[in-house]
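These features come from Swiss-Prot:
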BINDING   G112, I132, G133, D134, F135, V136, L137  S-adenosyl-L-methionine binding site
Amino acid sequence: MKVSVISLFPEMFQAITQYGVTGRAIKSGLVEVDFFNPRDFTHDRHKTVDDRPYGGGPGMLMKVQPLKDAIASAKLSVPNAKVIYLSPQGRTLTQEGVQQLAKQAEFILVAGRYEGVDERLIQSEIDEEWSIGDFVLSGGELPAMVLMDAVSRMVPGVLGKQASADEDSFSDGLLDCPHYTRPEVLNGEPVPSVLLSGNHEEIRRWRLKQKLARTFQRRPDLLQNLELDKEQQLLLEEFIRETEDSTSAE
């Protein structure tokens with residue numbers, strides 16, 4: 001997968017290009033990332049990339065020309081790549097969206113600054129707008145890093161074992177189950193005995209039931225959009241009965 005990033009602060013991306021899962025993916029060649037700074041595409045001695053908005057108002061807007069030229073330069077190596085603008089007005093990024101983006105071999109990310117970019121650039125150059133939530137940040141770099149990290153995890157070979165991605169929260173529409181490691185007993189709390197049993201089928205069912213239970217308790221809205229299979233439905237009903245029995249016994 002190849003990602004081209006357009007940003008005024010490419011140095012910020014060292015947090016994911018040099019460390020952790022994404023850093024290893026880049027070093028191994030599974031993910032390729034390059035950067036284009038709009039300041040390098042300005043034509044004045046001050047390298048001006050922003051200007052005042054027409055109609056007045058607070059803040060500045062990023063100018064079209066430096067961004068447009070940066071996008072054109074990025075497209076020289078990835079001519080068929082979609083251009084994605086990170087914006088609070090975009091489609092909210094979910095695991096489903098991450099999986100869709102991961103099917104693309106290449107894309108260009110535009111990280112805005114100030115009060116945003118000239119609308120005419122969005123109309124002429126941007127293919128998709130994505131948001132990481134209903135809140136405002138100082139720029140698009142952090143959302144771009146979030147998107148890059150999430151999508152990189154889906155690239156075959158990045159996590160070593162594909163099961164790691166398949167079992168993440170939201171990969172099947174559910175929250176993840178609880179996990180435990182040594183010691184076996186911590187502050188009087190033991191690891192659930194089923195996880196020590198060696199019975200892989202029972203462990204699988206326990207984990208699935210815990211995922212359903214946690215989703216039911218913490219994010220019931222997610223279940224409204226899922227078509228549970230017969231096993232999932234039975235396990236969820238079993239958990240609900242157990243919860244009701246426990247409540248009535250108190």
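Any Cβ shown, glycine's included, is placed from N, Cα and C.
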Maximal Cα-Cα distance (Å) across residues annotated as binding S-adenosyl-L-methionine, namely G112, I132, G133, D134, F135, V136, L137: 16
Cβ neighbours of D134 (S-adenosyl-L-methionine binding site) where a neighbour is any other Cβ within 10 Å: 7
Among I132, L137, the one of these binding-site residues whose Cβ has the fewest neighbouring Cβ atoms within 10 Å: L137
For the binding-site residues G112, G133, the one whose C-beta sees the most other C-beta atoms within 10 angstroms: G112
Under 8 Å by Cβ from V136 (S-adenosyl-L-methionine binding site), counting only residues of that chain that are 6 or more apart: P88
